[in-house]
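For reference, the structure discussed in these notes is given below.
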Amino acid sequence: MAAQKKKAQDEYGASAITVLEGLEAVRKRPGMYIGSTGERGLHHLIWEVVDNSVDEAMAGYADRVDVRILDDGSVEVADNGRGIPVAMHATGAPTVDVVMTQLHAGGKFGGENSGYNVSGGLHGVGVSVVNALSTRLEVNIARDGYEWSQYYDHAVPGTLKQGEATKRTGTTIRFWADPDIFETTEYDFETVARRLQEMAFLNKGLTINLTDERVTNEEVVDEVVSDTADAPKSAQEKAAESAAPHKVKHRTFHYPGGLVDFVKHINRTKNPIHQSIIDFGGKGPGHEVEIAMQWNGGYSESVHTFANTINTHEGGTHEEGFRSALTSVVNKYAKDKKLLKDKDPNLTGDDIREGLAAVISVKVSEPQFEGQTKTKLGNTEVKSFVQKVCNEQLTHWFEANPADAKVIVNKAVSSAQARIAARKARELVRRKSATDLGGLPGKLADCRSTDPRKSELYVVEGDSAGGSAKSGRDSMFQAILPLRGKIINVEKARIDRVLKNTEVQAIITALGTGIHDEFDITKLRYHKIVLMADADVDGQHISTLLLTLLFRFMRPLIEHGHVFLAQPPLYKLKWQRSDPEFAYSDRERDGLLEAGLKAGKKINKDDGIQRYKGLGEMDAKELWETTMDPTVRVLRQVTLDDAAAADELFSILMGEDVDARRSFITRNAKDVRFLDV
């Protein structure tokens with residue numbers, strides 16, 4: 001890629017920048033530009049800068065991006081692209097100043113003569129927003145035969161300085177997020193790693209290096225995530241490394257196979273039912289699509305869509321075109337080859353996509369994203385374009401691979417049979433309307449409020465805890481659903497078995513939304529769904545089973561932020577002549593104990609510190625005061641920032657592959673933080 005850098009420096013020059021407005025609005029309302037000022041918004045700063053570097057790679061000017069999380073709280077992103085222009089802009093300022101200080105000053109806003117045909121990150125917008133939300137930003141540019149440097153103090157530019165002569169080109173940006181704006185300025189290595197890995201999958205041949213320099217010598221990890229790992233290091237190299245004063249956590253992402261490697265990665269904990277990965281693409285005026293796909297023996301669909309490398313969590317027209325073509329092609333093939341009788345009803349999309357792992361990546365010159373977060377592609381013309389490409393290519397593949405095609409069709413037919421067998425169970429669940437929970441006597445203790453926005457459903461493990469929760473709740477807005485029997489592991493069961501499970505029926509009926517294609521979020525009866533289980537291993541297992549059910553059957557509940565985990569306390573500190581205190585961790589227990597003793601309090605001798613083994617040990621008053629009272633409780637919202645990572649996690653934890661699960665647990669045994677999946 002780098003060797004093929006185009007000599008079109010002028011096309012991405014001062015004239016390609018169109019200034020629209022300044023940055024003051026960004027600091028006043030940062031959430032409008034980066035989604036939030038929490039952890040997600042903080043990481044969004046990195047994505048915006050990295051997206052610009054990836055734009056250079058997509059345009060054919062760069063083949064390497066280096067990201068460093070530094071010890072002083074800053075992040076540095078470097079690429080070997082053309083470098084941000086430094087020539088004087090029409091406004092009288094250097095172009096780099098315009099890019100860094102004016103909103104919507106990106107190259108792509110100049111129309112046909114702009115720097116990029118296709119762009120993922122809001123080039124210029126993103127960097128200026130990052131600048132606006134940083135206390136300091138430094139940019140080093142190699143371009144026009146020289147090195148250039150510029151710094152910004154709270155978005156105010158210093159002087160652009162020309163440095164030494166150089167033959168290389170590229171841009172390095174380093175920024176310090178403003179702690180007055182963000183709730184936290186602590187970056188999560190795994191969050192960054194997952195996103196960068198995704199970008200490497202989507203840009204075949206691009207190398208992305210991630211280095212975390214915050215770690216200590218004891219935390220060294222040097223992992224090359226690639227089909228072609230580096231050669232083993234010699235004894236001399238190892239000795240030199242160990243003598244180095246500061247070691248870092250490092251990962252390299254490089255995928256020569258692109259989307260094919262992505263599908264291999266998704267299916268690596270599953271059992272593919274055909275060997276070859278289906279891989280094809282197509283180009284049209286202003287559009288480009290690439291798709292890789294492979295079926296596995298599981299029961300869940302795992303389709304991930306991207307537009308201009310942006311993860312379109314909510315799908316859009318590219319996914320609609322793919323689904324339509326796939327359903328049509330498989331049904332036609334099945335009928336033509338007599339794998340499905342003429343009198344048989346057509347296979348549904350759900351039947352066909354059972355066990356399908358697929359990645360759909362489109363590049364669109366003028367994308368229309370629905371919603372501020374850009375997670376759904378809205379271009380209507382993309383649907384027919386993708387549909388046409390998929391129809392042609394999938395038809396050709398099925399005809400050319402009859403043995404694999406038969407296995408795929410037979411799996412879909414088997415899924416259809418299970419669906420038909422499940423219809424009665426599904427209708428039974430549907431008939432038990434949200435107001436008349438026939439067949440579920442005494443289970444759901446509903447709330448008096450009929451406003452879903454104010455209503456909460458606590459799904460509680462066990463009858464004893466359910467009893468305490470019913471007694472301790474505020475019945476105006478809190479409903480309680482105690483679970484008595486075992487929740488089925490939906491990762492290992494088809495829908496007909498899942499819907500026969502009494503506890504699953506109770507949950508689906510109480511929520512009121514339906515499942516899969518029949519899911520309707522407007523019918524949700526509670527806008528907060530709180531999973532409340534014991535803080536021990538068994539409780540965590542129950543929570544994981546419930547999360548797997550919601551993820552596989554009612555994923556929009558998680559996507560829209562309706563699912564929460566209650567955080568019951570682990571300890572109760574009983575003081576003499578003082579009210580008891582509750583601790584939610586060992587550290588908090590120690591802190592409360594130390595503070596209380598310093599304040600002259602005395603702890604009860606025999607049972608001063610009580611460790612709760614389960615929710616059932618708490619009476620109704622304690623449960624309300626610690627876990628259910630909205631003014632004091634701690635709820636953890638379950639998020640879905642990375643559907644592919646969540647999909648993989650559920651497959652590992654709840655699937656058939658024992659070795660993968662053992663390996664995962666061994667690797668993560670020391671990390672006791674809950675995984676926000």
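Even glycines carry a Cβ here, placed using N, Cα and C.
Note that this is a predicted model, so its numbers are computed, not measured.
Residues annotated as Mg(2+) 1 binding site in Swiss-Prot: E461, D534. What Swiss-Prot lists as Mg(2+) 2 binding site is D534, D536, and the listing cites sequence analysis. Taken from Swiss-Prot, the feature domain 'Toprim' covers 455-569, and the record attributes it to sequence analysis. The region 'Disordered' annotation in Swiss-Prot covers 227-247. Per Swiss-Prot, site 'Interaction with DNA' is recorded for K486, N489.
Taking the features listed in Swiss-Prot, we show where each one sits on the structure.
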residue	record	DSSP class
E461	Mg(2+) 1 binding site	strand
K486	site 'Interaction with DNA'	coil
D534	Mg(2+) 1 binding site	coil
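For D536 (Mg(2+) 2 binding site), the nearest neighbour among the listed recorded positions (E461, K486, N489), judged by C-alpha distance, is E461. Cβ neighbour count for K486 (site 'Interaction with DNA'): 11 (other Cβ atoms within 10 Å of its Cβ, all protein chains included).
When each of the binding-site residues E461, D534, D536 is scored by how many other Cβ atoms sit within 10 Å of its Cβ, D536 comes out lowest.
For N489 (site 'Interaction with DNA'), applying a Cβ distance below 8 Å and a minimum sequence separation of six or more within one chain yields L545, T548, M654. If you take the Cα of D534 (Mg(2+) 1 binding site) and the Cα of K486 (site 'Interaction with DNA'), they are about 15 angstrom apart, rounded to a whole number. A separation of roughly 10 Å, to the nearest angstrom, links the Cα atoms of K486 (site 'Interaction with DNA') and E461 (Mg(2+) 1 binding site). With DSSP states grouped into helix (H, G, I), strand (E, B) and coil, the domain 'Toprim' (455-569) comes out at 57 helix, 21 strand, 37 coil.
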